[in-house]
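**Student:** This is the structure I want to talk about, given as structure tokens.
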Amino acid sequence: MPNFLRLLQNENMKIYRRTGTLAMIGILILVTIAFASITKYDESGYLFGAPTKQNNWQTELQQQITHDKQSLQEEDLPKPYLDSLKEQIALNQYRLDHDISPNEGTLWGFMVNTDSLTALIVLFTIIVASISVAGEFTWGTIKLLMIRSSTRSKILLSKYLATLGFAVSMLIVLFLFSLTCGALLYGVGNLSSPYLVYEHGGVVEKSMVLHIFTLYGLRCVSLLMMVTFAFMISTVFRSSSLAIGLSIFLTFTGNTIVGILSGMNVSWAKYILFANIDLTPYFQGSAPLEGMSLSFSIIVLSIYYLIFMALTWILFNKRDIVSGD
Amino acid sequence: MSQKPVLHAQGLTKVIGNKKLVNNIDLTIYPGEIFGFLGPNGAGKTTTIRMLVGLADMTAGKVTIAGYDLEKHFEKAISHVGGIVENPEMYKFLTGYQNLIHYWRMCKGVPKSRIDEVVNQVGLEKRIHDKVKTYSLGMRQRLGIAQALLHSPSLLILDEPTNGLDPKGVKEMREHLLQLAREENMAVLVSSHQLAEMELMCDRIGIIQNGSLIGVKEMREFRDEPTRKIRIIADPIQKAHQLLQQFLNTPVEQQDHALIMEVEHEKIPDINHFLVNENIKIYAIMHINQTLEDRFLEMTGGNSIA
Ligand SMILES: Nc1ncnc2c1ncn2[C@@H]1O[C@H](COP(=O)(O)OP(=O)(O)O)[C@@H](O)[C@H]1O
Ligand SMILES: [Mg+2]
């Protein structure tokens, strides 16, 4: 489909030729560097060079275990708290028994933390997605775009894919930059250290690399959902500011809203998009809310995704173009 | 005309809510002609054009472009159309050339060298690599036309293309459109609310008012008009009035010190001669400029205006 590839080229040109987009890439790189420097400095008090003297982690872990065991003795502890204490004790004991130091101060330990920077990518991709559709209406360019021999669906698809492409590029930039910064600041020793999980009452060793990829992968799920949501809002309301505002607001308050509702024992809280958008708990052996499972969340997310997509496509194809007056 | 029409619209109607914005319009446009779509602001020109290019759904009606049904074969039909709807809005953060590349990528089977051709045609060579945000309205209008011409369409649709242009720009635009119609046999549909402009470039005009097309006329009929209204300022006016009333067999009207009548062009020197011979002092004989609309309404019966 050479024609479709040309549409994609067009959308990419419109994304990357904007000063705003270049600023986003710059900000992401700067924030990664700042994040790496601050984390490292905070942990070890200096910037460069691998931490030579491993602080005495065995003693620290032993103290932690003693402290946790004392906490266990207290009465009336809520069950989730009790469970997490037991889990902590088991994991720490395993480290002592098998001489596996905690990941603090290593490249992998740092990479595990950088996944939170994907929040920035969610933010930027929401902006790009919103401008992709609504921007054409604001600029009035939608009219010239639609009186060419491409169907509206093809144009919309090219916009959607170009936006996802932007998200993927940003993820790659983030990953590679974190890796570089991490390697520079922490060195590349200790890479074989495993990732420990508490599963079915026992501690299991897993691959750290796989763990980091899983973290990034799970972030992609919420990225995909929020971008698709922003895409829908900007198609429905044809306003990029509304799409940006609403999507960002929900991204950063969604968790809180779900927390409040579940605190009020609202039974349908688990069907809310934001209760399902973060799948990490399932991979740490728990669930976001009671009565939820990974397959439940995947089904709920798929239904939301299909609804967002269907609404976007139907409205984009049906409605008259009356903007730019 | 014997040629096949490029655009054929039948019963074009647009209803939004309970407002009939466009009411049962029929339009046929042939290759090589410039068709003027004339009407005051809010008459429904843009709404009609939006339907003709598929930006708005028609409530009723059927549009065929180059033989293809617009609704059933949108991609085929629209590939014969180039146009600008309302303002020539372009991507301001791109250069003129990047804008053209953008639209060129959406045309099938057009060589890239065509971009330079249309740039030359609209005379934008010097500034084509500047960002569009630095362009004047006239330059954006030309860039708009360049993108409309990229795929050598058989039908060019321009919505109020002279809006906001200075007189020089209007003249250039007019010459350019005439050249496209005459030399490339393109059918051109231009809308405007300015009568004088239409008069200079159109072969036919259709007047639209309150969403209805109240008539279509060949411009030739206007130009070769047999009679025109004139005003004569003479003294003594009463005597002149009586004499002229006898001399002409059309009614003569008196307004203060002037007489107004409708006469054939060749008759004006005779009238002058006659009055001078009768010792009437003549201070002025002049045409009364009727607006194109006035004349048009006279010709189309004039009573269909709501
Ligand atoms: N989307 C719409 N909804 C309701 N009324 C509209 C809409 N678009 C245009 N109109 C009305 O339709 C009439 C015709 O508008 P338009 O086609 O833009 O006129 P023109 O281009 O001849 O100036 C105007 O009265 C305008 O207010
Ligand atoms: Mg208009």
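Count begins at 1; order follows the chain as displayed.
Using the three backbone atoms N, Cα and C, a Cβ is placed for every residue, glycine included.
Please treat TrEMBL annotations as automatic predictions, because they have not gone through curation.
Okay, so TrEMBL annotates it like this:
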TRANSMEM  A:21-38  transmembrane segment
TRANSMEM  A:117-139  transmembrane segment
TRANSMEM  A:160-188  transmembrane segment
TRANSMEM  A:208-231  transmembrane segment
TRANSMEM  A:243-264  transmembrane segment
TRANSMEM  A:294-316  transmembrane segment
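A description of the local structural setting of each listed feature is requested, covering burial, neighbours and distances.
**Tutor:** Within the chain carrying the transmembrane segment (A:208-231), a Cβ under 8 angstroms from the stretch's Cβ atoms is held by residues 103, 108, 111-112, 115, 118, 121-122, 125-126, 129-130, 132-133, 159-160, 163-164, 167, 171, 175, 191, 193-195, 243-244, 247, 250-251, 273, 277-280, 283, 301, 304-305, 308-309, 312, all 6 or more beyond its ends.
When Cβ-Cβ distances below 8 Å are used as the criterion, the transmembrane segment (A:243-264) is approached by residues 119, 122-123, 126-127, 129-130, 134, 222, 226, 229-231, 233-234, 237, 270, 272-275, 277-278, 288-289 of the same chain, each at least six residues removed from its ends.
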**Student:** Using a Cβ cut-off under 8 Å, which residues of the same chain at least 6 positions beyond either end of the transmembrane segment (A:160-188) come close to it?
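**Tutor:** Same-chain contacts beyond the ends: 8, 11-12, 15, 21, 24-25, 28-29, 32-33, 36-37, 40, 47-51, 105-107, 109-111, 114, 117-118, 120-121, 124-125, 128-129, 132, 216, 220, 223-224, 227, 231.
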**Student:** May I ask for the residues of the chain that lie six or more residues beyond the transmembrane segment (A:117-139) and have a Cβ under 8 Å from a Cβ within it?
**Tutor:** 11, 14-15, 18, 20-21, 24, 27-28, 31-32, 35, 145, 156, 159, 162-163, 166-167, 170-171, 174, 178, 216, 219-220, 222-223, 226-227, 230-231, 233-235, 237-244, 247-248, 251, 316, 321, 323-324
